[in-house]
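Features of the protein shown, as given by Swiss-Prot:
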REGION    1-87  region 'Domain I, interacts with DnaA modulators'
REGION    87-174  region 'Domain II'
REGION    133-160  region 'Disordered'
COMPBIAS  134-144  compositional bias 'Basic and acidic residues'
REGION    175-391  region 'Domain III, AAA+ region'
BINDING   Gly219, Gly221, Lys222, Thr223  ATP binding site
REGION    392-511  region 'Domain IV, binds dsDNA'
Amino acid sequence: MSVELWQQCVELLRDELPAQQFNTWIRPLQVEAEGDELRVYAPNRFVLDWVNEKYLGRLLELLGERGQGMAPALSLLIGSKRSSAPRAAPNAPLAAAASQALSGNSVSSVSASAPAMAVPAPMVAAPVPVHNVATHDEPSRDSFDPMAGASSQQAPARAEQRTVQVEGALKHTSYLNRTFTFENFVEGKSNQLARAAAWQVADNPKHGYNPLFLYGGVGLGKTHLMHAVGNHLLKKNPNAKVVYLHSERFVADMVKALQLNAINEFKRFYRSVDALLIDDIQFFARKERSQEEFFHTFNALLEGGQQVILTSDRYPKEIEGLEERLKSRFGWGLTVAVEPPELETRVAILMKKADQAKVDLPHDAAFFIAQRIRSNVRELEGALKRVIAHSHFMGRDITIELIRESLKDLLALQDKLVSVDNIQRTVAEYYKIKISDLLSKRRSRSVARPRQVAMALSKELTNHSLPEIGDVFGGRDHTTVLHACRKINELKESDADIREDYKNLLRTLTT
C-alpha cells in the first residue's frame with residue numbers, strides 16, 4: 001500500500017470534517033509505507049487511542065474501497081517516523097503542523113511534500129467495535145513518555161504498534177441505539193411530560209429546554225428518550241455531532257487525558273459537539289476533578305447554544321456528593337420525573353412489544369403479566385421474552401396457564417415481596433408508627449392516613465379482595481377499604497406530600 005492511497009482517502013474526506021476536528025486528531029498523524037504495510041504514527045497514546053476508537057472504522061472502509069477490494073495491512077504506532085534506513089526521514093513541516101495542531105494553534109499550510117492525513121466520519125464517545133478485523137498487539141519498544149523526543153540523539157524513536165488486517169470494507173458504527181425512537185416509545189401518564197419535553201428538544205434544537213434533565217428509577221425509559229432525541233437530531237441533520245455516553249465514560253476519558261497530558265484535546269472534543277447526552281449523572285458524585293471538568297464543559301456548551309441532556313436515578317437536589325453549583329445549573333432548563341408505568345401503560349407496552357415480535361398476545365394475558373410485574377419496563381419486557389420463549393419451545397399458544405408456568409419463580413417472588421404483611425410493615429416503618437397502630441381502632445390523622453395508604457397499596461399490589469384486605473386490617477369491612485382507596489386517589493391529585501409518600505412506598509415495595 002502506498003502513501004498515495006492514503007492521500008486519496010484524505011482528499012475524499014477532508015471536507016467532511018470540521019477544521020478543528022481535523023487539526024486536532026488527524027493532522028498530527030505521520031505516515032510512511034513499508035512494502036504492503038502502511039504505518040501511521042500518533043504523537044501520544046491519547047491521540048492513538050482516539051483515532052483507533054473513533055476513526056478506524058471509516059478509515060479502513062475508505063482504504064478498502066480505494067484499494068479495490070485489496071486487504072491492506074495498517075499499523076497504528078506511537079511516536080514518529082523512524083529516521084534509520086531504509087525508512088524516509090521524518091517530515092519536519094508535518095511534525096511542526098502536528099505540534100501546532102495539538103497545541104490548539106491553527107495551521108495555515110503544510111508542505112506539499114508532506115504526506116496528507118486521513119479523516120473518517122463524525123466522532124462518537126465510545127470505542128468503535130471493529131468487526132472482520134484481526135487485531136494483535138506487539139511488544140512496545142518502550143512505555144509511553146510525554147517527554148519522548150526531547151532528545152533525538154539520546155534515544156531511538158519510540159512506538160507502540162498495533163497491526164490491523166482489513167478483511168473487507170467496514171461500516172461506521174454509531175453509539176446511539178437506532179432502535180430507540182419516539183415512534184416506538186409507549187406513552188402514558190407516567191412518562192407523558194418527559195416524552196413531550198424530549199420531543200420539544202429534538203424537534204427544536206437550541207430553542208427547547210437546555211439542559212433537559214430526566215430522572216427516575218431504572219428501566220423506566222429515560223435512556224430510550226435520550227437516544228430518541230439523538231436519533232431525531234441526526235435524522236434532521238446527519239452532519240450534527242451528537243455524543244451519547246455514560247457518565248463513567250466521561251470520567252475515564254478525562255483520567256486518560258490527564259495521564260497522557262492531553263487534557264486540551266479532551267476539552268476541545270467535548271466542547272465542540274452539537275448535543276451532549278450523558279446517562280446516570282449521579283456517578284459524578286464525590287468525584288471532585290470530574291465535576292470540575294464537567295462544570296466548565298457544561299458552561300461552555302450552554303454558552304455556545306449546544307444542547308445538553310442528562311439523566312439520573314434521582315432528583316438532582318437529592319444527589320449527595322454533587323456540588324451545589326452543578327445542581328443549580330441543572331435547574332436552568334427543565335427537570336422532569338419519569339415514573340413507573342401505570343397498569344394501562346404496562347399493558348400497552350406488552351402489546352406493542354408482542355406486535356413487534358409478531359407474536360399473538362391475548363389481551364387478558366397481557367393484563368395478567370402487567371398486574372404482576374409493576375416495577376419497571378425492563379422487567380416487564382424480560383418477563384414477556386420468557387413467556388414468548390416458553391411458548392415457542394413448548395409449541396403452545398400464550399395463555400394465562402402458560403404464563404404461570406413460565407414465570408412461576410418470578411410470580412412466587414413477587415407474591416412474597418408484595419404481601420399485605422410486607423405492605424403493613426413497610427408503611428409502618430415509613431411513617432414511624434407501629435404495625436399494631438395500623439390494625440387498631442385509633443382515628444387520629446397520624447394513624448388513619450397511613451392506614452388508608454396501606455389499604456390502597458394492598459388493593460393495587462395484591463390480588464386480595466376488599467373484604468380480605470379489610471379482614472387483615474383489624475377486621476374492617478370492605479366499604480372501609482373502598483373509602484380508603486378512593487380517598488388516597490383523591491389526595492394523590494391534590495396533596496403533594498401524599499403523592500410523594502405513595503410514590504416512594506410503591507417504589508420500595510416493587511423494586
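Cβ atoms are placed via backbone N, Cα and C, with glycine included.
For the recorded ATP site, residues Gly219, Gly221, Lys222, Thr223 set the reference point as the centre of their Cβ atoms, and the other residues of that chain within 8 Å of it by Cβ are Gly216, Val218, Leu220, His224, Leu225, Thr311, Val338, Asn376, Val377, Arg378.
Per DSSP, the secondary structure of the region 'Domain IV, binds dsDNA' (392-511) breaks down as 93 helix, 0 strand, 27 coil. Residue density at Gly221 (ATP binding site): 28 other Cβ atoms are found within 10 A of its Cβ, drawing on all protein chains shown.
The average pLDDT computed for the region 'Domain II' (87-174) is 33. Using a 10 Å radius centred on the Cβ of Lys222 (ATP binding site) and all shown protein chains, the other Cβ atoms total 27. Taking a C-beta cut-off of under 8 angstroms and a sequence separation of 6 or more, Gly219 (ATP binding site) has the following same-chain neighbours: Ser375, Asn376, Val377, Arg378, Glu379. The Cβ of Thr223 (ATP binding site) lies under 8 Å from the Cβ of Phe180, Asp279, Thr311, each of these being in the same chain and 6 or more residues away along the sequence.
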